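Scroll down for the structure; my scribbles are underneath it.
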Amino acid sequence: MSRDRILTPMFLVVFAANLFQGVAFAMFLHLSGFLKGMGAGEGVIGLVAGVGSVFAIALRPAVGRLIDTVGRRPVVLTAAVVDLFAVLSFLLISDVGPLLYFVRSVQMVSSGSLFAVLLVYGADVVPVSRRTEGLALFGVSGLAPLAFGGVIGELTLANNNNYDQLFIVAAAFVGVALAFCWFLPESVTEQEAAGQTSFRRAVTRRALLPVWWLTFVFSFVLVGYFVFLKTFVEQTGVGSVGLFFTAYASTAVVLRLGLAWLPTRIGENRVLFPAVSFVAIGFLTLAFTSSVTGVVVAGIFSGIGHGFTFPILYSQAITRVSNADRGSSMALFTSLFDLGPLVAGPILGVLIELTSYQTMYVVLAGVTIMGLIIYGVGNRRLGVVNARGGVAPVPTPL
């Protein structure tokens, strides 16, 4: 039974690295407030959120190849060091200009690369027989920061709204993540490196297409929370970023700790479909709320959705490729979370300016359900859904 153990020492090291890196990332939920203080409107805020994604997406295939060839360890250490300097570089920004876009781009590339390689490490250290459960537990390291990262940011800004303090504290968390990354060993083998296909062939397997589609939709709609919730709260005066994300992340963490086994037991898609539906319900609740309680309830609904949606998509992106192409798969998987802000940021920013926050959140609920329906149709046409609603084994040869 020891081979089926999830909570190994190496699992805990990867978990800690991802946790501290996640706290630093979560503190940037307040970036829109920093930008607004320099005179940026919603459209510019959306553009800043998306512009760094262009470079992150363009470089991610190369990062994926490096993870699979050069190795996990060189990539994770380089990404962590660059991310640390990028966060500190925000201290040099005083207006919405070229330096802001450059620093944000470097941060998006480095944090995205770090995210990708840590997800690969997460998949490397969990037992295959308990993969979805193990990845769900590992995902707590990415969710827990949302429960207190936003709050830490609010506390840092509480006295004098000094964003320099926020950037320094965020950099400290990246530094701790770097310390844990130092203890991560190399996990790619020469045999796996020799068995790779090209990046394009690795990520365009037909069985992966529904996964990529729903992952993109998920990343697109999350922009409504991660980019525009700050200004929504400021404009309406309802709730707070910290309250929402504490409810959001706490709910997701509790579900993963208590019910991580559920997708494996009853089938992944039997859990995934209700989970994504809860994301849509969260948007609708936020759209029509006028109280602090409503914001918290929206966070709970959204947390239920995120609690299962991410680990199931994460598991499918791992299961449907060979071990030799795991880095490429995670590179595309994480780049889709950059593509979402790139596409959604400007669109939603303009939508808010032309209509309202309420309209935006209603539209996002509709996009969520539409994306889920298309995912279901695509899965069935490809014949990858088994009788229990989970994902049938997919052969690794092309």
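Just so it is clear, glycine is given a Cβ too, placed from its N, Cα and C backbone atoms.
Per TrEMBL, domain 'Major facilitator superfamily (MFS) profile' is recorded for 6-383.
Long-range contacts of the transmembrane segment (12-31) within its own chain (CB-CB distance under 8 A, at least 6 residues past either end) are made by residues 48-49, 76, 80, 83, 87, 111, 114-115, 118, 121-122, 125, 138, 140-146, 148-150, 152-154, 156-157, 163, 166, 169-171, 173-174, 176-177, 180-181, 183-184, 226, 229-230, 241, 245. Positions annotated as transmembrane segment by TrEMBL: 12-31 (among others).
Non-local neighbours of the transmembrane segment (43-63) in the same chain are 31-32, 35-36, 75, 96, 100-101, 104-109, 112-113, 116-117, 199, 223, 227-228, 231, 327-328, 331-332, 334-335, 338-339, 341-350, 353; each lies 6+ residues outside the stretch with a CB under 8 Å from one of its CB atoms. Marked as transmembrane segment by TrEMBL: 43-63 (among others).
The transmembrane segment feature in TrEMBL is assigned to 75-93 (among others).
Listed as Cβ neighbours of the transmembrane segment (99-123) (distance under 8 Å, sequence separation of 6 or more from its ends, same chain) are residues 11, 14-15, 17-18, 21, 25, 48, 51-56, 59-60, 63-64, 67, 72, 75-76, 78-80, 82-83, 85-87, 89-90, 92-93, 131, 134-135, 138-139, 177, 184, 187, 314, 318, 326-327, 330-331, 333-335, 337-338. The transmembrane segment feature in TrEMBL is assigned to 99-123 (among others).
Summarising the annotation, TrEMBL assigns transmembrane segment to 135-153 (among others).
The feature transmembrane segment is assigned by TrEMBL to 165-185 (among others). With a threshold of 8 Å between CB atoms, the same-chain residues lying at least 6 positions outside the transmembrane segment (165-185) that come near it are 10, 13-14, 16-21, 23-24, 27-28, 30, 34, 72-73, 76-77, 80-81, 83-84, 87-88, 90-91, 114, 121, 152-153, 156-157.
Residues or ranges marked as transmembrane segment by TrEMBL: 206-228 (among others).
According to TrEMBL, the transmembrane segment annotation covers 240-259 (among others).
Sequence-distant neighbours of the transmembrane segment (271-289) (same chain, 6+ residues past either end, Cβ-Cβ under 8 Å): 214, 218, 221, 224, 232, 238-239, 262-263, 295, 297-309, 312-313, 357-362, 364-366, 368-369, 371-372, 376. Feature annotation from TrEMBL assigns transmembrane segment to 271-289 (among others).
The transmembrane segment annotation in TrEMBL covers 295-318 (among others). Through the fold, the transmembrane segment (295-318) approaches residues 119, 123, 131-132, 135-136, 139, 142-143, 208, 211, 214-215, 218, 225, 233, 238-240, 243-256, 260, 262-263, 268, 271-272, 275-283, 285-286, 289, 326, 329-330, 332-333, 391 of its own chain, all at least 6 residues removed from its boundaries and within a Cβ separation under 8 Å.
Summarising the annotation, TrEMBL assigns transmembrane segment to 330-352 (among others).
Same-chain neighbours of the transmembrane segment (358-378): 209-210, 213-214, 216-218, 220-221, 224, 228, 269, 273, 276-277, 279-281, 283-284, 286-288, 348, 351-352, counting only residues six or more beyond its ends whose CB sits under 8 Å from a CB of the stretch. What TrEMBL lists as transmembrane segment is 358-378 (among others).
The stretch in 75-93, 135-153, 240-259, 330-352 that contributes the largest number of Cβ pairs under 8 Å to the transmembrane segment (206-228) is 330-352. Sequence-remote contacts of a segment are chain residues at least 6 beyond its ends whose Cβ falls under 8 Å from one of its Cβ atoms, and for the transmembrane segment (135-153) they are 6-7, 11, 14-16, 18-19, 22-27, 29-30, 122-123, 126, 166, 169, 241-242, 244-246, 248-250, 252-253, 256-257, 260, 263, 306-308, 310-311, 314-315, 318.
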